[in-house]
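Colleague: Questions regarding the structure given below will be posed in turn.
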């Protein structure tokens, strides 16, 4: 079967935003207008097509990224293929956003017209910047009380440091919002309410908005001609670009991430969605417009590129593992190059294992269609892959490549969990391991001494939902302990240790001597190992054993057994024995050497500090600040946002549990907050003593 749509007619994009900015509703409208849904699903009814897990429908938030394929006829009458990924906006699910941005070519960033740029918008924005994802902005909820399009434009500049190119102006706002002015065509689009937004009238720009439309069209042209010398020269000579030229320049600037085209509307009231779909075609990249993906040759380790071309060797990236109640385990993958056929096999180059391509599916939210083959640019779901986990590369066994791996954040909160009955024990193990395979920001560990199982994640909601899914999907009843903070330890001083490991007990003995300098790593929180051995005091083949030995004890620090951060180790000398030395002997020696050093190098306890943002009416500002200070918070600043005040602070995670209940009672339910992990910070000594006393008893 040949390719149905040319690769230049593909648009792989995601919809990203703060929680409650209307992502799922916007996606629902897109599916409705592109003909994939016969009725519009509303989030507040629990009927949205993309929110298919039970908890999502109950809580009205999107938890897992649902992928869907749909089609849209552009302004030129040509059909385009859209692969859309709906991403969660709650900060506990940031990992889902990170995964989807990694495999997308473009994104629509949604803003709530009332709130503008919110904390999670900034978090998601930073992730999109990291992967250099071209974006457009849709200022949603223009019908909401307090909606202010122009404030949102300003916030994009001040809070995101980005340049928004305004493509439309709103006609009216709040309950008076009727439609938009198209600044390229210079006409107005007014939607007919009775048609569920399917029909609109193109009319003259209202007289009271003509001057504003002229002003913003001028700004639009000024911004876009800057990226093209010829267009700039013409403009300075009084020659204006025509509409096609403006669109071409907007497309180029968007793909090069020089600026962001900005649109407005209200998805809930069905206004502004179709022009947004036309803009996806006009301005977001096809797989051909983005740079070829880089990878490492599996055999030679040389850097190679894979282009978006069916004739190139197959390469794809697994970006999500999901358990489907009907199909079983599903691996979602983005095909970057080549062609994938049912019945063939691929190699997982990260695990060095072969996987058979059995059932291959194209997904529409939670319904599915079996397909026989897929091509470069496609997003597919593969059934029954046993070895593959998130971030793995799958490719042609004859031309193996390892694509760039994804980076995942460390969990900041952990909870002790115990099955209620012996029969639940095995099921719980299976459930936790499956969750860990699906979600790399979730970790499971068992304390060797106490036998207690802990699981760690990105926040209370993240862990609540995991327990809930375990109960629903695996029928496991478990007792859950109070949340615990994922503390870390580090060293603050330089220490040099000389350690000899010697064991003689008949037969082959063990011998290894290491001299190592331990100090804080000036480059950050990672572990850094360096060898300055000259003259073969420690043979080259034993040096990896030294590194491995130190790494094996970094998981349990000297103060309270927490993992260690920010350590640098430099091997400067050592000795070996021709017969008795081995990699294992050097591993044992370096392990003991580090344990000695950790006691003397000024070990320090670190705690996760959260960036907290509270949005509150002015009446409660004093109470909110006083409360944050009492939680060991450091106020970073405050600013006005409409009729509310936004307070920013860094607060230890340990002092933020159940904060939402306090904030509600303090503000009579009128204040809201959000928090994201910011950095690790030393724990004050009086608090550190309490923590050590509490955890040393458990370890």
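Cβ from N, Cα, C; glycine included.
Per Swiss-Prot, GTP binding site is recorded for 17-24, 86-90, 140-143. The annotation domain 'tr-type G' is assigned in Swiss-Prot to 8-288.
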Colleague: Under 8 Å Cβ-Cβ from residue 142 (GTP binding site), six or more apart in the same chain: what's there?
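Modeller: The answer is 113, 149, 170, 173, 174, 177, 264, 265, 266, 271, 272.
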Colleague: Can you tell me how many other Cβ atoms are located within 10 Å of the Cβ belonging to residue 17 (GTP binding site)?
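Modeller: Around residue 17 (GTP binding site), other Cβ atoms within 10 Å: 27.
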Colleague: Taking all residues of the domain 'tr-type G' (8-288) together, what is their mean pLDDT?
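Modeller: A mean pLDDT of 83 is what the model gives the domain 'tr-type G' (8-288).
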Colleague: How would DSSP class residue 142 (GTP binding site) in three states?
Modeller: coil
